[in-house]
Amino acid sequence: MIRYPYFCRMYKECLSCWLESGIPNLGVWPKTIHTTAEKYREYEAREQTDQTQAQELHRSQDRDFETMAKLHIPVMVDEVLHCLSPQKGQIFLDMTFGSGGHTKAILQKESDIVLYALDRDPTAYALAEHLSELYPKQIRAMLGQFSQAETLLMKAGVQPGTFDGVLMDLGCSSMQLDTPERGFSLRKDGPLDMRMDGGRYPDMPTAADVVNAFDQQALASILRTYGEEKHAKKIASAIVQARSIYPITRTQQLASIVAGAFPPSAIYARKDLLQRSTHIATKTFQAVRIFVNNELNELYMGLKTAQKFLRPGGRLVALSFHSLEDRIIKRFLLGISMTERFNLSVRQQVMKTSQLGSDHENTEEVSKRRAPLMWELIHKKVLSPQDQDVQDNPRARSAKLRAAIKL
């Protein structure tokens, strides 16, 4: 069992880095965190064991695969296929295989391709392995995080500049949300876990560790930064008060604590994009999940890997489901530094850079603020799902698609 005071001290450096900078944790995780370089030294030793366990899992669950795959409906399939434009003989990388919905659609569009299917979730990897048995010449299953992708690809003999297209479908999959034991959903009671690959890294902190260990200020910062929660201080205070009585270990327990900080009329007062009522704890769950899985830092490293392994003229398609992800993708494609304040819009940043250049100020400063463009946008504006997409899959309502061609 984790000793919470020690856990809190261990994360002190991590919190101070991004709290002082005012931006999400992009490249600032300290050496003490489990998911960084120190922990990755164990990766080589674990890799074979992980893959063997996943293979055993998929052999023992063959009958369940079709059901599992149906849990996740791929989003904006037509738009993804249009932007990737798969052609005979091309090579692709799906960096978020999930249940394989997009991969299958690509294969249906053009079967004479090779597709590397990556996912950090061992359950998704097992599905990819199963699909590779059906398409042995096309599918290459890979288990790992975005930050491990470069190593995995190089070990598989894939050289930089190889891929004709890379797909990223970010966020939490329906398979994860609909499995109470994973602890992602506030609507289904389960252990407060939220780790996408906790089975591979048992020492990786869970959502329960986060809400029980961090002080009130740190919790509020997590909720405000990763959940864009305007009531972050109030919710953090409620969490700290509740855990002083008993540890917070279940998803619906946390949801009830958050709800208890507000009058009953406010619990479902918020509306989603479909004007449906959403629980007041939704943003809290999002924030904790993003923090636990280091999702924004992983996204940035995934984008860099995609750029490195795409050939000139290769296409990147990225689907995001909240504004923080979309902002990172947009800035990356426009060559704007991730160290700039996130409350400064891309338009403001471009204007600011132009003003610096026109005044003949420090050219090095200008180049730091905006790197040379490496991408040509396929669509100038972000794409949103069609009404039919949202009707078929309400979870697609917040999807945003950005696509670009590597120059």
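Here the Cβ of each residue, glycine as well, is placed from N, Cα and C on the backbone.
Features of the protein shown, as given by Swiss-Prot:
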type	residues	note
BINDING	Gly100, Gly101, His102, Asp119, Phe146, Asp169, Gln176	S-adenosyl-L-methionine binding site
MOD_RES	Ser358	phosphoserine
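Locations of recorded Swiss-Prot features on the structure.
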{"residue": "His102", "record": "S-adenosyl-L-methionine binding site", "contacts (Cβ under 8 Å, 6+ apart)": "Pro74, Val77, Val80, Asp94, Leu167, Asp169"}
{"residue": "Asp119", "record": "S-adenosyl-L-methionine binding site", "contacts (Cβ under 8 Å, 6+ apart)": "Thr96, Phe97, Gly98, Tyr125, Ala128, Met142, Leu143"}
{"residue": "Phe146", "record": "S-adenosyl-L-methionine binding site", "contacts (Cβ under 8 Å, 6+ apart)": "Met95, Arg120, Glu298, Leu299, Met301, Gly302, Thr305"}
{"residue": "Gln176", "record": "S-adenosyl-L-methionine binding site", "contacts (Cβ under 8 Å, 6+ apart)": "Asp121, Arg182, Phe184, Met196"}
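Of the listed binding-site residues Gly100, Gly101, the Cβ environment within 10 Å is emptiest of other Cβ atoms at Gly101.
Residues listed for S-adenosyl-L-methionine, Gly100, Gly101, His102, Asp119, Phe146, Asp169, Gln176, cover a largest CA to CA span of 19 Å.
When Cβ atoms from all protein chains are considered, those within 10 Å of Asp169 (S-adenosyl-L-methionine binding site) total 24, not counting its own.
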